[in-house]
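Right, one structure below, let's go through it.
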């Protein structure tokens, strides 16, 4: 059986690194730059980058409303760092005109751990990820300030939620694609398969 076809929003961020991790996790990665391509994938990854820039690019490429519709229709989506911000219902510390896709009942704080100079690495126990702790790379990372009752917190740093899941949506404040460890991607790919989206 071939793996699920997972799109990677290819407007900014670590597209190649996500593709490598998805392949290792048993998926078939494909770049997504146009709304018509959303109908051809079983799930989608929103990479990191600069969330306000990505939001503007979503409007330029006419992807914002199609992405909102896809999330509302149940498309499994995994957002890392800026991807977590885009999936949030609200953002603290962001621009008032920040375009959001939404879907996760969370409020996130941009650059919660500080600016670029305050980037750090940590080892996290992530619910649903077997084996040793996950090596997590945080770069100008957000954290979750508030989470609704339907949101499952999978990992924390200093009591702040940094990995959350709600239905078919998964988000991390860190960059799992940068470490060579595909277990977080496998968690997402497995959820795509179990949702019935995987072919």
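Backbone N, Cα and C define each Cβ position, glycine as well.
Keep in mind the model is a prediction, meaning the values are calculated, not measured.
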Given that Swiss-Prot lists 49, 50, 51, 139, 140 as binding L-glutamine, which residue among 20, 28, 110, 165 does it place in the same site?
110
C-alpha spacing of residue 110 (L-glutamine binding site) relative to residue 81 (active site, nucleophile), in angstrom:
9
Taking just the CA atoms, what is the gap between residue 140 (L-glutamine binding site) and residue 177 (active site, charge relay system) in Å?
16
For residue 177 (active site, charge relay system), just give me the three-state DSSP call.
helix
